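What follows is a set of notes on a single structure, which appears directly below.
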């Protein structure tokens, strides 16, 4: 199983110092943060959102969730404010970023205590709040930069061939647009650690890091789905250690928030269970043409669809009709998860392009996917501001961008699975290759 990751480069890839890659990562992160500044301080509700493409969830939380005042850890926000709708690790990260902002700005404890009784609107109108909001955003971006640099160092340290300069030039604009929209960089780091554990054949640690990633964003769960297929085929007894480690870590990461404030813990699940079809999803495209599917039905479709995908891909793999690498299976599951989901937020494109860079060295495929993802990102904000919306009928620009994005991603999955099918045929013709593939 060792080396099954499918992205290990030649030893020469580690002969170069990582400083260039770390510098590029720093520049991209800084550019992403700077690119979001025009939308701060309420500009997200103006046409600046469309012209500057500068949306970010991050600054909206500072006064919008009462983080500009004193508040308690582990979900204990002040009365009148909605709980944070994220998994436990991101919740803790947001709280820590706000507390650190208070320290960096030197806000007196008495002032923070006084603000605890203020509403969101009252916090927003406080003198100097614009600067505090900006500071909170930049402090958060600085912490995200640490996660980005750690991820890049891991990729260098373990010799992963993650694209080439041409591919990175193609995806760089999309990385700048998406990197600081949300807190995904933390989950990307957990995913990288899980990949290292898999590459080094440390299945228990793999389960730990997948659980940490899932306690940040749900997407890393696709790694476990892929791992179960490959482990049960080659070493079924080893799957138990992986699953137990995942479950124990999941309980450990969720328990503090749940025990401290069960309602705050449930906010993430309630939000995702009750939300209707939303931005970027196939269901949003259907809703735009008059076909609406209820929230409960969409949850069933996602769960059932992921299970069906796991059974089908598992059967194909176990019968050796395909010989996918671990990262190829994970990428396919990731795309299926996004395509079937209720919401396909613009920043999810970051996961798609990073996954694709791990899966393929095909510049034309990377360019095709990056173009579709970038175009959809741009049209999202044009649609929200009504710039591309006609007086009557649907917004064909936005609708077509969803269709193109999903079609291109489906094509990428077909390409990946076709490579896995060809590999299986080679293994059948030369059985010794099976040792390398597995």
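Each residue's number is its place along the chain shown, starting with 1.
Every residue gets a Cβ built from N, Cα and C, even glycine.
All TrEMBL annotations are machine predictions without curation.
If you check TrEMBL, you get these features:
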TRANSMEM  135-156  transmembrane segment
TRANSMEM  168-198  transmembrane segment
TRANSMEM  204-231  transmembrane segment
TRANSMEM  238-259  transmembrane segment
TRANSMEM  298-318  transmembrane segment
TRANSMEM  398-417  transmembrane segment
Hey, which bits of the same chain come close to the transmembrane segment (135-156), Cβ under 8 Å, at least six residues off its ends?
13-14, 18, 21-22, 25-26, 28-30, 32-33, 36-37, 40, 56, 58-59, 61-62, 67-68, 93-94, 96-98, 100-101, 104-105, 162, 179-180, 183, 185-186, 188-189, 192-193, 196
When you scan the chain for residues with a C-beta under 8 Å from the transmembrane segment (298-318), skipping those not six or more beyond its ends, what do you find?
225, 228-230, 232-233, 273, 276-277, 283, 324, 329, 332-333, 336-337, 340-342
Residue list, the transmembrane segment (168-198) vs rest of chain: Cβ under 8 Å, 6 or more residues beyond ends.
1, 4-5, 7, 24, 28-29, 31-33, 35-36, 53, 55-58, 86, 89-90, 93-94, 140-141, 144, 147-148, 150-151, 154-155, 158, 160, 205-206, 208-210, 212-213, 216-217, 219-220, 223, 227, 326-327, 345-347, 349-351, 353-354, 357, 363, 366-367, 370, 373-374, 377
